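One structure below.
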């Protein structure tokens with residue numbers, strides 16, 4: 001980007017000076033780490049693509065170091081959501097000095113609805129190009145994974161920020177988490193998070209930031225990831241069904257996938273239905289979860305849905321929460337026909 005394409009902020013105290021002035025100690029209990037290296041800060045913003053004339057929502061701005069870089073890239077408007085009110089003086093100073101509109105909102109992004117946050121003129125149809133809206137954030141480690149799962153659900157339902165279309169996200173994660181998000185099949189990083197992210201988004205691990213670039217220095221490096229929602233998910237089923245199936249299958253990551261599939265059903269019918277499900281999905285029972293593609297998980301989800309349509313009670317079954325299967329319907333396996341097992345379930 002040329003100099004003429006960068007907004008110059010008026011003279012401001014450096015972030016380092018503001019941290020000292022207001023005694024802004026990073027709080028371990030909030031997993032806070034301040035990124036101080038300007039070159040890396042600028043690279044995070046560039047990883048989002050062009051934000052010129054776009055609305056940008058930054059989550060977790062802290063003292064405002066990334067915010068400054070966002071402003072310099074000439075967005076039409078900046079919104080920042082911060083939970084920690086200790087950063088008020090630094091962020092208000094930046095808002096007063098910003099040559100572009102900057103709105104400071106205090107709240108917990110984990111419970112924040114972005115439904116009415118952006119200009120309706122920027123709204124796009126889902127199948128069209130991405131709207132002129134970006135989400136950017138250097139997230140605390142204790143928030144990043146739960147937040148992206150929450151946002152994937154919002155993407156699947158086209159709610160919150162995704163009411164405006166396929167809004168892009170550029171976020172930081174622990175390096176190991178970033179690697180899991182993009183991991184292909186047959187790799188040790190392949191996980192539940194890999195399948196969830198890749199089902200709804202194009203995921204790009206842009207670059208890594210060494211832990212020594214942060215204050216205080218975390219014990220891990222950080223990965224910058226850009227996620228662009230897909231026009232159509234690979235598995236086009238309700239989020240909760242997909243999440244439940246993937247979580248169950250990966251509950252035995254190193255074992256044959258049939259072990260995880262079995263946990264979808266109560267004990268009396270577990271082996272029988274798991275076998276039938278994998279036959280219907282055309283999946284070898286000896287396949288391990290990290291060997292399965294997103295499309296193959298889709299076939300497992302479809303087969304599970306088909307079984308649950310016949311017996312809706314199975315949809316409520318939760319292997320981890322269920323203390324006992326004694327209260328589930330009595331199940332009998334009729335083996336009178338050696339070529340086919342017939343399942344009969346007595347109602348409560």
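Every residue, even glycine, has its Cβ placed from backbone N, Cα and C.
Annotation source TrEMBL lists S-adenosyl-L-methionine binding site at 33, 35, 60, 82, 108, 138. Taking a C-beta cut-off of under 8 angstroms and a sequence separation of 6 or more, residue 35 (S-adenosyl-L-methionine binding site) has the following same-chain neighbours: 41, 44, 65, 66, 138, 209, 213, 214.
The domain 'Ribosomal RNA adenine methylase transferase N-terminal' feature in TrEMBL is assigned to 40-231.
The sparsest Cβ neighbourhood within 10 Å, among the listed binding-site residues (33, 138), is found at 33. If you compare every pair of Cα atoms in 33, 35, 60, 82, 108, 138, the residues listed for S-adenosyl-L-methionine, the longest distance is 21 angstrom. A count of other CB atoms within 10 A of each Cβ picks out 82 as the most crowded of the binding-site residues 82, 108. Residue 60 (S-adenosyl-L-methionine binding site) is surrounded by 25 other CB atoms, counting those within 10 A of its CB over all protein chains shown.
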